[in-house]
Amino acid sequence: MTTTAETSELLNLRSVVLSNLQYQHYWTDIKLLDTQADLDENAPTNPLSRPMIYGRPPEQLYSSEPSSSSSSSALSSTTTPTTKSSSSERPPADMEYVLPVHLTEKLSLRAWASVFDNLPTPSGGDDANKKRIVVAVVSGDSTVVYYIMHDGIVKPRQN
Amino acid sequence: MADDAPKPRICVNYVAGRYLVYDVNDIAYLRTTWHMCGTLFGTLPQAQQQNIFLGLPLELMQEEARLLVDQRVAMIVDDSLAHREAVKALSETDKADILALKTQEQDKLTLANKEESLKRKEAAIENAKASGKWKTKPAKVAEPTPNQAEEGSLFAGGSDKVSEDVGGTGGDELVSTGQRTSPDDGGQRQYIIPMASSAIGSHSLRLPREAEHVPNPPDARYQVYKYLQSLGYFMSPGLRFGCQFVAYPGDPLRFHSHFLVKSLQWDEELSILDLVGGGRLGTGVKKAWMMAGLEQADTAGANADELEDPGVRTFCIEWAGFG
């Protein structure tokens with residue numbers, strides 16, 4: 001579907017995001033996703049419509065809150081960056097899927113839906129069938145901003 | 001509101017392109033049963049800037065009006081037509097009866113006013129006597145009549161307009177009879193602008209008949225509205241947050257809103273900058289920005305238009321907390 005020129009553009013975009021995640025935001029366990037087989041071993045090796053990144057942020061990015069006690073801890077861990085002391089006790093943060101996009105792009109709901117439809121359904125948890133991605137928006141001066149996008153209705157973290 | 005009997009359909013009045021509800025019971029019903037709050041925008045007619053809280057009528061969004069019509073909960077009534085038809089349906093005796101009723105009310109009011117001013121006068125005299133100033137100005141207190149008469153003529157001047165509004169097309173006749181039946185003390189009368197104009201006495205001034213007009217909001221918006229409403233969300237206009245709807249998880253009196261909703265067609269392209277703007281604004285006010293639309297089958301599929309269950313799909317966006 002995509003031409004080779006577009007593909008190489010998307011790959012360049014990803015390399016910008018990759019180095020930003022690695023060296024500015026200290027993500028670890030980073031893996032590049034190019035085909036459906038990279039997402040799911042049993043899937044065919046069809047190329048993804050857009051290349052993605054799979055990696056682990058230094059701190060938990062988002063917690064679905066099954067109980068009230070964990071909701072408060074989720075809030076503090078995401079909003080206050082000064083809670084690094086107990087990092088050894090806490091379990092490692094969840095792995096996240098990152099989708100690099102350029103600021104000048106225009107995407108339809110169909111395009112967003114196809115990104116989510118390729119992702120495996122997360123196992124466990126109350127919001128088990130709620131998928132999420134991190135959208136990495138790259139601008140011309142290589143500034144990268146990150147947004148969490150959920151598939152479906154998910155209550156905002158701070159509310 | 002009887003529990004067993006089927007509720008008669010609510011009148012949603014169509015006035016100059018807006019959908020208005022006048023009845024406070026209907027408004028309570030819409031809020032509790034249909035999760036519709038609408039927007040109150042009525043002011044005091046004499047002092048628009050003196051009230052902080054607005055009152056009746058309640059304005060509904062296009063989507064709300066449409067949903068109520070689709071669910072057969074409400075019917076759209078063309079407001080001006082409803083009044084015009086009712087006035088046409090009145091007979092001469094009805095009109096005379098209405099006029100008599102109004103005159104009676106006005107006379108009652110005049111009497112009450114007279115009594116009150118008499119009392120005030122007496123009180124003023126008492127006061128003056130008590131403070132010892134009575135001797136110096138008896139004339140002033142005793143002659144407030146020219147003043148009053150002037151007031152009376154002021155009201156009489158405005159009287160034509162008032163009766164014309166009530167009378168509608170048959171107004172001229174009403175006015176002329178009015179002048180004939182109030183010969184001498186008509187100048188003293190105060191004209192009453194009725195609060196509820198749906199009836200005077202037993203005479204209805206509105207014939208609520210279903211209008212042919214059907215609210216027709218853009219389809220993407222309506223589908224998204226209907227979907228979130230069916231999940232129990234209270235939706236309100238999104239102007240304050242630069243979106244189409246603000247979605248509350250319960251009554252807005254109890255909850256903060258959760259989502260700033262933007263509806264899109266399935267293949268409508270949205271610039272990434274809009275997504276960033278929405279996400280950043282939403283996170284700034286502790287909400288999430290939501291884009292939603294009715295899912296369509298892949299056009300690659302042979303029977304694209306025979307999609308079995310076209311549901312609304314939603315995506316919620318928040319700032320990730322870094323970058």
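Each residue, glycine too, has its Cβ placed from N, Cα and C.
Listed features, source TrEMBL:
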type	residues	note
DOMAIN	B:10-79	domain 'TSEN34 N-terminal'
REGION	B:127-187	region 'Disordered'
DOMAIN	B:220-296	domain 'tRNA intron endonuclease catalytic'
ACT_SITE	B:Tyr248	active site
ACT_SITE	B:His256	active site
ACT_SITE	B:Lys287	active site
Those active-site residues listed as B:His256, B:Lys287, and which of them has the most Cβ atoms within 10 Å of its own Cβ: B:Lys287
Neighbour tally for B:Tyr248 (active site), based on other Cβ positions within 10 Å of its Cβ: 22
Residue distribution over DSSP helix, strand and coil in the domain 'tRNA intron endonuclease catalytic' (B:220-296): 27 helix, 23 strand, 27 coil
B:His256 (active site) to B:Tyr248 (active site) - Cα separation in whole Å: 6
